[in-house]
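Copied over from TrEMBL:
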DOMAIN    1-75  domain 'Lipoyl-binding'
REGION    81-100  region 'Disordered'
DISULFID  CYS141-CYS146  disulfide bond
BINDING   LYS150, THR242, GLY243, SER244, ASP412, MET418, LEU419, ALA420, HIS421  FAD binding site
ACT_SITE  HIS543  active site, proton acceptor
Amino acid sequence: MIAITMPALPGNKPNIVASVLVKTGDAVAEGQELFNVETSKRAVPIKAPADGVVSRVLVCEGDEVAAGDVLAHLDEAESVAQTLAPSSETAPEEHRKEADDDHAELLIIGGGTGGYVAALYASKMGKHVTLVEQDKLGGTCLNRGCIPTKTLISSADLYSRVLRADEWGIEVSGHVRPNMEAIIDRKSSVVDELVGGIEYLMDENRIRVINGTARFEGNGEVSVECGCDVLKLTFDDCIVATGSCIRPVSLPGTDLPKVHTTDEALDCKELPESVVIVGGGVTGMEFAFLYANLGVDVTVLARRPRILHMFDQEASAEITRAAENRGIRIIPNADVKCFSMMQNGSVRTVYEVDGELHFVDNGYVLLAGGRVPNTDDMRIQNTDVELDASTGAILVDGRMRTNVAHVYAIGDVNGLAMLAHAASYQGRIAVDDILGNSVSFRPEIIPSVAYTDPEVAAVGLSADDARKDPSRYRVGTFSFAHNGKALAENSGQGYVALVSDADDVLKGATIVGGHASALIGYIGLAISAGLSGEQVREAVFAHPTTSEAIYEAACDLTFGALHE
C-alpha cells in the first residue's frame, strides 16, 4: 500500500484541497491526477506514483492540508493482483473472509492499547481482524497519556538530579537549564517511534487498519467515515475499544489561553514560572512533580481531603511530604470556582475552602481532572447495548461481553479500570471468549501506579482495608531507609507493605519508592498465582537490589523483618 502524501511546497499560506478527482475503488494509472491543491501561488496537481487501485480517500474538497498529510491510500496493481489471485495454500472460505471489503470476521473499534493488543492477539490466534482508528494508533496512552508524560517526567527527573548532583558527590559548573522545545521534541520522537512500531506490527500480522470514525447502524453493522467516503461493514464479532476523553470542566474562564488541559500541556514549549494544577489525583500529582523538578513554582488545588486518595493514607502522606520538600504547595478540600486573566498576564484562580473564598495568581493553570468513556460519537443508541446511566460507560460482564451477543467492550469505555494495562488485559479476555475460552476479569491483579517522585504503586487489597479486619488479614512492612541499594541511589524514601490473609496467602501490596512501578509486578504475579508469604520468603532476591524489600516485608508478615 502506498500513502499519497501532501508534498512540501513554498509559501506560508495554507494549502486547500481544490478538487478530489478519484474515489475509493477507482483504478488509476501512474501519473494520473488524483487531487488539485490550491497553494499561495498556484494550483498543484497530486498524481498517482504507480498503477493501482485507490483503497481509501482521506480528504474532501475544501480541507486544509499540510506537508506530509496523507491524502489517500493506493494499492499497487501488482499487490492487488496478488491479493485477488487464488492460492493453492489458502482455503477459498478463508480467502473470502480476508478479502471481503464490507465484512469483518472480527471488527475492533479503536486502536489504543486495548484495541491494538486485542487485534494482535486475535490475529495470532487465527482471526481475520479489521481495526478502525479515527486518529493515531496507540490511543490516549501512547499519544497523549502514559508515554508522553513519562518521557517528560524522565527529562525533568534528570534535570533535578543534575541540580542536586552534589548529593552524589558531583560538582557541576556552568549554566544548566531545561530547554522545553528540545524536551517536547524528544517526547514527540519517542511517541513517533512507538506509533511506527505499532503500524509495523499491524502490517506484519496482516491486520486490516481503516483510518476513520466508526458508528453503529445496528447490532451487527457499522458505518465508517473515511474522509469523503463512508464504508458499511458487517461483522461476526465486534470489540469496542474507544477509550475515554478528558472530563469537560464547565467553569468560567476555562477557555482562557493560559488554562490548559493535560493534552495541551504535553505540547507546550514554554515553561511557566508558576502553575496551578487543579486536581490532586494521579495525573495532577505526576504533573506537579514534573513541573517542580523543572524549577516551576507549583500549587495543587485538591478537591479531596488528601492527594492520591485512591492509595493508602500512609502512601498519600509520604507523597505529601515529598511534595512539600520540593516546594509544591498542596491545598486540600479546594472547590475551584473560576479563572480570570489579570492585567499583568497572570491567571487568577478563585477557590473555596470551608466556605471561604481564596485566590492564587500563577503563570498558567493545568486542569488535571478525571476522564469519561468515549461513547458519544458512536451512535450506540442504534444498538441494544446498555450503558451505565451515571457514567455513560458500556456495561459488560467479567468476560467483557455486553448484553448484545457478539459485541464486547474493553478498556476505558467500560469504566472498570481506566488503565492502559487493564485495557490490554481485557482485550485478551474478550478475544479468548470469542475463541471459546472462558477467562474472567480479575481486578485484584491489576496494579495502579503514580509516577510521582518517589513513585507509588499498589495491587490487590490495600493495607488500610486489611487493618480494618485484623482477624482475617496481616500487614508486613519494610522501609527503604534500611535497604542498601535504595540508600546507594540516594532513594531511601518509602516502604513496601504486603497484605496476606490468615492462611498467609498474599492478597495485596502498596509500594512507595524509586522503583515501585517495576516492583509491583512481582506482587501482582504472586497474587495471580496464589502464592503465600512463605513462598516469597523461600525465593532468593539478588543483592543489592530494592526487590529485597519485598522479601523483608514478607518476613514481617510472620516473624519480623531481618534488617529493621
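Note that Cβ sites are derived from N, Cα and C of the backbone, with glycine treated the same way.
TrEMBL: automatically predicted annotations, no manual curation.
Source: prediction; values computed, not measured.
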- Whole-number Å only: compute the distance from the Cα of LYS150 (FAD binding site) to the Cα of HIS543 (active site, proton acceptor). 28
- Shortest C-alpha distance to CYS146 (disulfide bond) - which of the recorded positions GLY243, ASP412, LEU419, HIS543: LEU419
- Report the same-chain neighbours of CYS141 (disulfide bond): residues 6+ apart in sequence with Cβ closer than 8 Å to its Cβ, ordered by sequence. GLY112, THR113, ILE147, ALA420, ALA423
- Query: For ASP412 (FAD binding site), which residues of its chain lie six or more apart in sequence with Cβ-Cβ distance below 8 Å?
  - Reply: GLY114, THR140, GLY243, SER244, ARG371, PRO373, ASN374, MET418, ALA423
- the residue listed as 'active site, proton acceptor' sits from HIS421 (FAD binding site) (Cα to Cα, rounded, in Å) at a distance of 29
- HIS421 (FAD binding site), Cβ-centred 10 Å count of other Cβ atoms over all protein chains shown, is 19
- Message: Within a 10 Å radius around the Cβ, which one of these recorded positions has the most neighbouring Cβ atoms: LYS150, HIS543?
- Response: LYS150
- Rounded Cα separation (Å) that holds between LEU419 (FAD binding site) and HIS543 (active site, proton acceptor): 32
- For the domain 'Lipoyl-binding' (1-75), what are the DSSP-based totals of helix, strand and coil residues? 0 helix, 37 strand, 38 coil
- Reported mean pLDDT - the domain 'Lipoyl-binding' (1-75): 84
- Message: So if I draw a 10 Å sphere around the Cβ of CYS146 (disulfide bond), how many other Cβ atoms end up inside it?
- Response: 19
- Message: Through the lens of DSSP with three states only, how would you label LEU419 (FAD binding site)?
- Response: coil
